[in-house]
Amino acid sequence: MLNNAMSVVILAAGKGTRMYSDLPKVLHTLAGKAMVQHVIDAANELGAAHVHLVYGHGGDLLKQALKDDNLNWVLQAEQLGTGHAMQQAAPFFADDEDILMLYGDVPLISVETLQRLRDAKPQGGIGLLTVKLDDPTGYGRITRENGKVTGIVEHKDATDEQRQIQEINTGILIANGADMKRWLAKLTNNNAQGEYYITDIIALAYQEGREIVAVHPQRLSEVEGVNNRLQLSRLERVYQFEQAEKLLLAGVMLRDPARFDLRGTLTHGRDVEIDTNVIIEGNVTLGHRVKIGTGCVIKNSVIGDDCEISPYTVVEDANLAAACTIGPFARLRPGAELLEGAHVGNFVEMKKARLGKGSKAGHLTYLGDAEVGDNVNIGAGTITCNYDGANKFKTIIGDDVFVGSDTQLVAPVTVGKGATIAAGTTVTRNVGENALAISRVPQSQKEGWRRPVKKK
């Protein structure tokens, strides 16, 4: 179906008192992203010509958090209802475009549902998103005559008979810009709340003989709003289980879908296995046959085929080639790169460092600002001393180097191909190819040594 041009209004002016937070409610996160950002992303994916964000409380925080989005900021200085909020945005509506109204605290609305609503909007009428609830207490009821929508009655204004209606208003609707402006101008606050209800435009449209078409979302969670942290946590689990189901059906083995969090985008190969309590953040790619142990955090990283990440490992902004093994208890920080078959063991940290093919750093090591060649052995307790208190410097280690335990490499320093660094050495000068570097105090031995005795 050919759609008109469309702009989106997102209502985000509420204080969120029940969140008990200094942060505006819509900036609280779901799946690692602000609730309102989910809604903005949906609007952009729909192809909105403009996104008008109606704000009030915490405007500076909102503008800072959403500074990268192309938004038209609309101030609602007083919160006098949804109709009043839309009235503030109305001067920006073009007559020949459709206006879609969304909410910053309803984060899981899907693009698919919104597109169906957009397609269903009748010419000159209103498309309205509704659901049926077993217990509709507190929600505006959809009134009908002969099956046709005639209006919406808020719960506090409804009669006992109207309160028996199970079909309720979600607040999401779409209408033509010129019609919307005309109806908004006719709103009054003659109701129990003393507010201007956007829902009153339904009755106004019906009185003009306009058609109102109701559409239902695919899932109830799409239209659930958030007013407190309990509701947010429940919606988080709903979202996460939905993501887990999609991954399971796509061939990813999640050992317990209830203990998996996706806070971004996961691209994966075949036969991927993910154990419990794993968190995926940002954009992550997992190759074929990747295995991730329990308690790992993977963020903005590429993991190659046949890699195995052992429990409680953190990988951030890193790139792993095929057949690498990591952890347990390892940390790969931004700029870490492992070439094919490399191994990083327990309590090893890497930052802005490359570990070559088949190279190993097995235990208790820090590699920062370093280039390590192929087939290198990094002994336990090795540290690249890359910082002099003011600037960072680089360590370069050639292929086939053996670095003994408890070695300190004071950068800038280069170790040539095939060199050996004796255990306990502090390397302060370059080491040539195939050379042995050793710096130790000569060992002495005192026979019959007695330890000091504590004074009683």
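The backbone N, Cα and C atoms fix where each Cβ goes, and this holds for glycine too.
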Of the candidates Arg354, Arg440, which does Swiss-Prot annotate as part of the acetyl-CoA site that also includes Ala380, Asn386, Tyr387, Ser405, Ala423?
Arg440
Within 10 Å of His363 (active site, proton acceptor) (Cα-Cα), which of the binding-site residues Glu154, Arg333, Ala380, Tyr387, Ala423?
Ala380
Which listed residue (Asn227, Asn377, Asn386, Ser405) has most other Cβ within 10 Å, given these are binding-site residues:
Asn386
Any idea what the model's mean pLDDT is for the region 'Linker' (230-250)?
98
When a 10 Å sphere is centred on the Cβ of Gly81 (UDP-N-acetyl-alpha-D-glucosamine binding site), how many other Cβ atoms does it contain?
21
Cβ atoms near Arg440 (acetyl-CoA binding site) (within 10 Å, other residues, all chains):
10
Can you give me the Cα-Cα distance between Asn377 (UDP-N-acetyl-alpha-D-glucosamine binding site) and Ser405 (acetyl-CoA binding site) in Å, rounded to a whole number?
10
Recorded acetyl-CoA site residues Ala380, Asn386, Tyr387, Ser405, Ala423, Arg440, farthest C-alpha pair in Å:
23
